[in-house]
Amino acid sequence: QQRYLNAKRYVKLAIVADRSMVTKHNGKLKKLRKWIYRIVNTINEVYRSLNILVALVYLEIWSKEDLINVTSAAKDTLASFGNWRATDLLKRRSHDAAHLLTNIKFDGTTVGKAYVASMCQQDSSVGINQDHSKINLLVALTMAHELGHNLGMSHDVVNTEKQCNCGTCVMAPTISDQISKLFSNCSKNDYENFLTLYKPQCILNEPSKTDIVSPPVCGNELLEVGEECDCGSPETCQNPCCDAATCKLTSGSQCAKGLCCDQCKFSKSGTECRAAKDDCDIAESCTGQSADCPTDDLQRNGQPCGNNAQYCRKGKCPIMTNQCISFYGPNAAVAPDACFDYNLKGEGNFYCRKEQATIFPCAQKDKKCGRLFCVLGPTGKRISCEHTYSQDDPDIGMVLPGTKCADGKVCNSNRECVDVNTAY
């Protein structure tokens, strides 16, 4: 648990500057970009204390017209920006969170708004920020504050039972000239709780050099174009393989970090760098030519797993019993074959396939690839065939593709029980 909490995180940030920002900078896009690069450098500095690096991986400037309706109603603007990000921006450019920068003044004293504990979520990993000051630092701290909400942080409240007692930390409810670059203990706890509860996956991946669109800054701990390594400032760098002042490898070093970097040299070929997680995963080993562990690879589809009783599919070992347990708890088991006869009827929720409104009953050989039936606890004389159905997602409660349905056979994506050798 502690290792998971202490792991370095990377927020790959996309920033969108709207038309009002272009007008504010008199159409000088170069000047506007510089303003935004400075903001991101500050945000990255602020977050380094939490072992988070923030990298700008995309910058979009709406120089002709706004692609959403940006208004003084912050709540509405946030909702439409989130919707636009999910339906448009995410399809074009991979990133973890998107923030809007606008010169439109929001109602009341609001200078920013963001969804809380939403990092990595499709439509809510967003924030909106007003470019409310001539002082770059104050705008940067506003965006850092809104990003804090995405990462699960609520406002610091002074003199409550929580005793954050930091009136000037990043998550202070109101902005002031005394604002600092520090996070309160409350913010740190909120962030750790968010990691534990939501387990956001997207921020575990480091951006590649070429993903980062802002000019490289030696000493910001992000590996950027033109750098061989970046271990932070000369004062804080603790990596003997990297020269902090130049971001070049020290003399005789082959690497500065990586799962296959050992004491500044590439690990020997064959050194295991990622263990197999389970039957359907493959262990990876170093090549001897690189500091990186090869891409995570999976066992081939159809490879036996689960004590040779099941078969792998896309890195998972789909077991019918486990599917019952996930719906009904640890005492659940797969129902007797008689229950699966319901799937032969093709009535109600019992079928193999549904296309538009047409229901296709299962053929006798395919009945264990349709609706899943389970029993709860020990069965008496009467068996109740438990099943699950969802109006929203017709696939919920169906036997998962790749599940064994007979000896040497698995359910394919058409819910037919086919020979495992022809299924893949």
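Heads up, the Cβ atoms here are built off N, Cα and C, so glycines get one too.
Ca(2+) 3 binds D281, E284 as Swiss-Prot records it, and from the list D292, D296 the residue named for this site is D296. Ca(2+) 1 binding, as stated in Swiss-Prot, involves C202, N205; the candidate among D76, D88, D96, D107 given for that site is D96. Candidates considered were C218, C280, C286; Swiss-Prot assigns the disulfide partner of C247 as C218. The disulfide bond recorded by Swiss-Prot for C241 reaches one of C261, C264, C273; that cysteine is C264.
Each of C286, C293, C385 is a candidate, yet Swiss-Prot gives the disulfide link of C339 to C385.
For C312, the disulfide partner named by Swiss-Prot among C273, C280, C286, C293 is C280. The subset of recorded positions (D96, E146, H155, C202, D281, E284) lying with their Cα within 10 Å of the Cα of C218 (disulfide bond) is empty, i.e. none. Residues I212, P216, C218, G219, E221, L223, C247 surround the recorded Ca(2+) 2 site, their Cβ atoms falling within 8 Å of the Cβ centroid of V217, N220, L222, E224, E227, D230, which are themselves excluded. Residue counts for the domain 'Disintegrin' (215-301) under DSSP, split into helix (H, G, I), strand (E, B) and coil, are 0 helix, 15 strand, 72 coil. Annotated Ca(2+) 1 site D96, C202, N205; additional same-chain residues within 8 Å of its Cβ mean position, judged by their own Cβ, are Y10, V11, K12, H95, C120, P200, Q201, I203, L204. Between the CA atoms of D96 (Ca(2+) 1 binding site) and C231 (disulfide bond) there is a gap of 23 Å.
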